[in-house]
């Protein structure tokens, strides 16, 4: 099957035809390096890693250029640096924060089994390209200078009689709708509420560079111009695929399109726009205010979730088993289920080597808009048919190769009984809980769950149920002889 990908701009699945098959070019928005990456950040990293692998398979390992940027200039970085290193000059503190956070990010995504991108540019290394694009936009009448800022005018873009796309096309919004929905407290130097910043003056002590457009005061770039500059430098004026999370469609990606197309007078910045769906935690949007903000590092290195640290491959599996455009509800139960699948696969494979050729049906699944969930269903059939060499080849292709670590962490409710090839990796051969609880401790949790159910606090009830499940305790709700609700429990087998 030829590769077909869903394009956010056209809202349809289309045959993928690279501009230059000898150099397929993809850009994905990367992290702003001011704090540990959270599990929502992990999803696009993993999704586009699988796409990178597929493109390399289809077009050749040396014929794909994957660019994922590092944003190392941002207000959040400045705030973090000032808070963490109050005794240092701000620029030095910023350097410490960005270098440390970038290392942490790389450690985390390496643990998730992701390949490094071909190029990983930093925003601060591309200030010259940003100034060049801004000067072009001002000269073309698409941007203007006001109060030492440079601002882009979507109205000017839409008024241009040229090949340019309509501002708002990617997000499927009209300019009138955006103006009506703009906040009341619009900066006084803006001509229109929808105008956005390309460049702004720096405050004393902040990072600063010589400004474009004849501005004498030094300043720093806005967020959106950074990606336009880095993609242009490494991929050209127009390239094949631009990816990121669905939350970036507007305003970030919409503004990237505006900047790049107006600067280079093209009708498209990228031939295909791809966006992965939202991630929720236990049914709610993840946020620090709700107390459900989970970092990749917490899952990999602490026992906060499920009573033990998690292997990166397990998180990877939980992220890809759902189609990339669908939302994900992250739960400890989902990690347990993914762990059980990988554990079963690795256990059955034993010391079998991978097949030399990937099954065609497996590649066909992935070529259908990166349908990894369908590919996983096919992998289950390989296990059922005892085609373990083919199963291992498909696992390796999707980034799963750490059998020892996966097998060393026993899934909830599973007896350890491994073939000799992996016996040394196992933690034991007895049926015990991952984190043993006393009978009274279990019953205390069940009583707390019963009380939560009585007051209709089902979120808390489900949380306790999932916590017990993660510890190997299966609970069952029923009624006693008098018809009253009762909950029983047993150690899962």
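Cβ from N, Cα, C; glycine included.
Marked as Zn(2+) binding site by Swiss-Prot on the basis of sequence analysis: 29, 227, 252, 256. The Cβ of residue 227 (Zn(2+) binding site) has 29 neighbouring Cβ atoms from other residues within 10 Å, across all protein chains displayed.
In terms of DSSP helix, strand and coil, the motif ''HIGH' region' (31-41) has 3 helix, 2 strand, 6 coil. Residues or ranges marked as motif ''HIGH' region' by Swiss-Prot: 31-41.
Annotation source Swiss-Prot lists motif ''KMSKS' region' at 285-289.
Residues or ranges marked as ATP binding site in Swiss-Prot (evidence: sequence analysis): 288.
When Cβ atoms from all protein chains are considered, those within 10 Å of residue 29 (Zn(2+) binding site) total 22, not counting its own.
Per-residue pLDDT, averaged along the motif ''HIGH' region' (31-41), amounts to 95 for this model. Proximity of residue 252 (Zn(2+) binding site) to non-local residues of its own chain (separation of 6 or more, Cβ distance below 8 Å) is seen for 29, 223, 224, 227, 244, given in sequence order. Those residues of the chain, other than 29, 227, 252, 256, with a C-beta within 8 angstroms of the mean position of the Zn(2+) site C-beta atoms are 223, 224, 226, 228, 242, 244, 248, 253, 255.
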